[in-house]
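Annotated features in TrEMBL:
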type   : residues : note
SIGNAL : 1-34     : signal peptide
DOMAIN : 255-333  : domain 'Bacterial Ig'
DOMAIN : 416-498  : domain 'Bacterial Ig'
DOMAIN : 501-580  : domain 'Bacterial Ig'
DOMAIN : 586-661  : domain 'Bacterial Ig'
DOMAIN : 665-744  : domain 'Bacterial Ig'
DOMAIN : 749-819  : domain 'Bacterial Ig'
């Protein structure tokens, strides 16, 4: 680090240095002895060691190598790198605050009280002893207890066994009474080694401790102190040295090399077996491409990217201590090459193409002749071939790194594609689908043996839409395409789907004693009777539309809902009937539409019938034959109509029906259509679908809420007949057609001013914006667009007397007027 950076760290350390040093010293016991040499020490002492870890290196396997020296900076190059797991030098003197200063290559603790002696109380530096880097720490005794020391925190793996080694000595002890102490601390108090060195002991001493780590971070502390000195010891100095420090994981034996299964060019995993609970690394060309752990049985599976044929893979195993095995070499084999794909061929094809494995050679064989090529990097191939016979068999054989695969395909007929029909319903007014661009599509709708045909064209987007009359459900729709060579496609067929729900059924009155509910509706429909408790009783209408369904007796006033669902799954509106006391039968009510002015049905002869609609009641009497007719105004579709009858003071239950929409829309009004117009406009009933028919073309739009419509058409020639109809989409009823004829907008002949033999301009007056043309006797035609006043001044050469000039004008329809 730079001096500036060092001093910044020093300034930050001033307040805390004494506190840290204090925590190191106060934890020390009074006396303990280290081994005199590397072979001394008790087994009990060795077992109490906690193995430390520092100086970690990456193994490339996502693990930490534990079998090298784990101590950070074992050469003591810096004594203030504690934040990066290096060494940090501290000093402590009882009741004597001090701060760290860097003086050249020395680290010095000096009193923070300027009135005190500024001689350092603790000094540390890196020196060389016998050619080896050594940390030397000196202490000046002042009072009570004084110490200096350096510390670092190393990373270990709990459960692993470690050995800590070093040598140390005291080179100077000036104290008269206090012995010098060397403390080597590893982790907690149980892992301490303390040596009473005594006075002026110059000999090197060896330290070695073996222990099992219990945590993943453990400190190493190297301390020198004087304790219990007397006044005669004040100012005495003690100097100690430490070197050759190392922390090694005891496990030094690498695992056996792993086994590996075959790896192919399509493989995304490498599997095999190795030492249980080891880490597997797979490298390709020296670059690690995947790792995984073996399980308790030694099995492993490593995920890798797909590799090229012939790639050499190096597979190694590393055990928990980071020992790495010899590499197992695996060469990537070629997987079975993919079966080549041959794109569809027809009798018009002059190129055969397809897809395959990039780099594979392709031999395409047709009619006994072979054509060769290679699959490109994008996985495609192609060869030029002569046209082939319909339904002949062609082959493509792919070869890649010795692996082969073959595909075959029949040559198809090159006629038009079979049209694809969209679903058709009994509400459809057009048949839509997809086909070959430009082909003619003929649609045939067959109902009960009777057929109607319609013709359309596939547009540039490959779609078609052919206007038809709404078909009946169950009718058959067939489509066939014809191309420019008059070749016909296969037929496409659809059955018309039923999407129109049945009308609400007519339900007979239900009394509180009845166990049968009956009525009529659309034939062959499922009947759902919803009782007041929410349960559903099911039945079915017969071929005449009648139904009789058994139900439990219901209480007076209870409402029962009856609905019909046809075979296509369309559910109609429910009819609600209220259960009446068994005193007077409910009347029946026939279907009511928005075109009716009478509500009819049956009841008890002589009973008064009350028909209620829109909060208004209309009344009549049941005739002797049991029928009734009650006059009402025309009612809107969807209106609820309820009918009940009263006789002799007893009122029947109420039956309800919903007004159906039978309205036939009025013929639409159509504004004048000119030969320059591109839209047909007019008015009709809001919501109706207005259709414009011009020749074989059909165009349509929905009438806006304000009753207007505008339908885009191509500009038509004058005299063209246009038919316009409106359809009520609620009941598919269509109005009578309004016929219009396209009017001619050709302009009249323009006026030409007189000219004389001196004239060099001629003025022609016509319609503003029209193209004015003046023809000279020699056939030359001069043109100019008329201005906002309709005039055009055209330059001409002088003409001889008697020369005749003619002028015409052309308007928006592109037709020239008479001269």
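Cβ atoms here come from the backbone N, Cα and C positions, even for glycine.
Bear in mind that TrEMBL entries carry predicted annotations, made automatically and left uncurated.
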Highest-contact recorded stretch vs the domain 'Bacterial Ig' (665-744), from 255-333, 416-498, 501-580, CB pairs under 8 Å:
416-498
DSSP on the domain 'Bacterial Ig' (665-744): how many residues come out helix, how many strand, how many coil?
0 helix, 40 strand, 40 coil
What are the DSSP helix, strand and coil residue counts for the domain 'Bacterial Ig' (255-333)?
0 helix, 39 strand, 40 coil
Secondary structure tally of the domain 'Bacterial Ig' (501-580) (DSSP, helix then strand then coil):
0 helix, 36 strand, 44 coil
Which residue counts does DSSP yield for the domain 'Bacterial Ig' (749-819) in the helix, strand and coil classes, in that order?
0 helix, 28 strand, 43 coil
Take every residue in the domain 'Bacterial Ig' (255-333), average their pLDDT values, and give the whole-number result.
93
